[in-house]
Each structure stands twice: as C-alpha cells, then as structure tokens.
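Here is what TrEMBL says about this protein:
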BINDING   30, 35, 86, 121, 153, 261, 326  NAD(+) binding site
BINDING   150, 151, 152, 153, 202, 247, 248, 249, 250, 251, 255, 319  substrate binding site
ACT_SITE  258  active site, nucleophile
DOMAIN    312-415  domain 'UDP-glucose/GDP-mannose dehydrogenase C-terminal'
Ligand code: UDX
C-alpha cells in the first residue's frame, strides 16, 4: 500500500517506520524542514531505542522516505495517516489547530479517492468534524478512519509491531476491510468500531491506566501509615486476573506526553456535555500531590529545613528509556527544592539537555554520571527508574555522599541490599524498609 504519514513526532515516525517494515511504501512528511533534514541525513530527532537502526534498514530497502512536500505525497498515496501533535491548551483541552490545518492541506491536495486515518489523540467527534472541514475544501470522495495509537515511549517499536490490539473506527465497510488487511500481520485482535467509540477507547484506556497508578499510590500512602508493604500488596492484588499485575507500581506518579494531557482532556470532554468526571478529577489531583511526597519526606528527615541543603537528583525523564521530559515529575520536585533554597546536583543518562532547557533557571549543577551527582550531597532523590540506578554500588554511593540519605521515589532498592548499610532510606509505601528516620534529622548530626 502507498501510505503518507503526516507528522514525524513519536507516533508518526514510529508508525511510518513500522508500516515500511511490513513492506509498504511509506512517505513521512513534516512541515519542519529541520526535522526532515536530520532524518534524511540518517539522524533521529527523538531518543527511542532501536528506531535509528530500523529507519536505516527500511530506507535501504527503499520502502521509507522523508519530505516536506505534502501535496505530492498525498497524490501518490492511497492511505493518509494524520499523526500531528494535539498538545494541551492552558485549559486542558486538546489543541486541534495543527490537525485541522493538516486535514485541510490534505483535502486541497487530494486527486482521487483516499482513506484518511487519524492516529493523533483527538476528542470524540473530531474525525467527523475534520471530515466536514475537508469536504468544504474538496469535492474528492474519501473514507474516514479513527486509528488510535497505544505505543509507549521507550518500547514504541515493539508496541507497534506487537500490539495488544488494533482499534479501527470506520464509517465504511470497504475502508474498514482495507485497514483490517493492512493490520492483519500485526495481531489477530483487531476490533472494528464506529468512529466515536474508537476515539473514546483511546481516552478511556489512558484514563483507566492513570487511575490504576493513582489508586496504587494512594494505597502506598496508606501502607506507610498502617505498616503494610505496597509492593507485596500490589503483587497480591495483581494475581487476580480481573485486576492484573501491570500499572500497579507505586512511585511519584505518572508524567509524560499522554496521561496528564489525555486525563485532563477527557475531563474537559465530559464537561462539555455537562458531565463531571469526579473519579478522574481525583486521579489527577492524587497524581499531582504524589510528586511532592519526595519533598514531604525530605522535610520529615531534615526537620522542615531544606535551605542550603545539597540534594542529588537521579533521573529527570518522566520514565526510563526516553529523553522525554514533558510533564516529568522532576520538574516540579526540583522547582520546589530550589524554591526552598536547596542546591541541586542532577543527572540523567539521556534527558539532561532537554531538562535543562525545560527548567530554564539557575541553581542546578548538571552532572555527567550518577556518582558525580551524589558527590558531597546531604540527600539523594531517585526520580526515574533507569536500570543503571538499580545496579549501583551502595557502599560506594554512601562513601561519596556527605550524609547517606536516600529517597527512593520509584522503589528501586530492595531490603536485602540495604541491610547493613548506614543509609537513611525512604521509599514509597514500604515503611518496614525505612531506616534511620525515627526522629528528625537534627539528631543525626548536621
Ligand atoms: C502511555 C500509554 O501506556 C500508551 O498506551 C499511550 O499510547 C501513551 O501513554 P507512555 O506515556 O509512553 O505511554 O508511558 P507509560 O509507560 O505508560 O508510563 C506513563 C507514566 O506512568 C510514567 O511516568 C511511569 O513512570 C508511570 N507509571 C507507569 C507508574 O508510576 N507506575 C506504573 O505502574 C506504570
């Protein structure tokens, strides 16, 4: 199939490359000539394991190309996939200006019947509205498809080539059949729905996963007070097939480009039809508050006095295996530390430059490795569960720090590793592992 993908962000680029891997003839277009130049020179504008290699492979095979000429790409294609960003507006709603613009450009370029598939996450009803917009610009017939994307950053290629399910929201049987044929090599779990339901499946899925995370984080907070261990609780709960074990990892809450944006957007979508989504509002509130559990723990240890404290931060990306810092918990946590007068030494394996730009303020020493960041600090906050942190030599770490205080925001360390060390240790929802925190820090000799 000849396919054009509009937008070379995470979703567009990964989808385009994967369709090319399946043997289709794919052209990825973007308005940004800088991005296209990088891609044409063999580079990748985002960090995603395996993506560079796969792009090289399919380009070599001649099944993928990059360009800025949208009209030309549209004319040569049977399927046009819209995968441009729908970033949040200040009020939480999705900004649809880019996708509206892309749809109109496609409409103006259409020369014969096309399938227009929307992969961007868009509010319910958007596909129909876009179709109306396009009809106002073009007399050429087309079919609309809602094709929501469920890939996770860091495992985007695997998720696209081995999806749990494919959702095809269609308004015509013929187009639905073509999309079924396109996706059949990927999975036998393909569900064809009406367009509005497909749009809703994406929001409902992300909202449910976010709910699982906020739920387990609240259970963790209660565990801390009643003396239970949330990791054991989650394991026990997860054995029930109706609950399932995934997304029950307690921590400092979710971040990233999807969950915060999509939960807020769904609250707005409900609001527009006069429905108050109370449960989801609480999920968002709990998540916001959970970020500051790190600060609360530091305050408890240091008697509420963070001024002048040297604090190491390990992990700036919103999760491991990505350089994405969009809505990362680290931003607000470091902001609070700086506001309180602490000095911060920060390290992340790949997200440091992106984070530095995002933070845009002084007071942080940027470090090239984890031990350098820990050097001479009074406390270390682990905010992202990068695998390299789990493998760290704790006795070396203790020797490097001025005071061995470890706030583990992702429950990376286990009890047996901590045994016999002198760490003051706080994790999330595992009070039995807390060590040396019976009294405020002044007793620990400043
Ligand atoms: C998510 C969805 O998983 C994906 O299906 C959708 O298409 C886009 O949004 P992504 O944002 O890449 O993907 O990250 P994900 O791996 O889902 O993690 C999101 C956040 O939740 C991260 O900050 C992560 O640290 C946090 N998380 C995840 C937890 O705190 N606990 C968990 O148990 C799982």
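Even glycines carry a Cβ here, placed using N, Cα and C.
Taking a Cβ distance under 6 Å to any atom of ligand 1 as the criterion, the binding-site residues 121, 150, 152, 250, 255, 326 reduce to 150, 152, 255. Cα proximity to the residue listed as 'active site, nucleophile' (within 10 Å) is found for none of the binding-site residues 30, 35, 248, 250. Closest to residue 30 (NAD(+) binding site) by Cα-Cα distance, out of the binding-site residues 152, 202, 250, is 152. Looking at residue 152 (substrate binding site) and residue 86 (NAD(+) binding site), their Cα atoms lie 17 Å from each other. Counting in whole angstrom, residue 326 (NAD(+) binding site) lies 7 from residue 255 (substrate binding site) by their C-alpha atoms. Rounded to a whole number, the C-alpha distance linking residue 255 (substrate binding site) with residue 261 (NAD(+) binding site) is 9 angstrom. Nearest Cα neighbour of residue 150 (substrate binding site) among the listed binding-site residues (86, 121, 261): 121.
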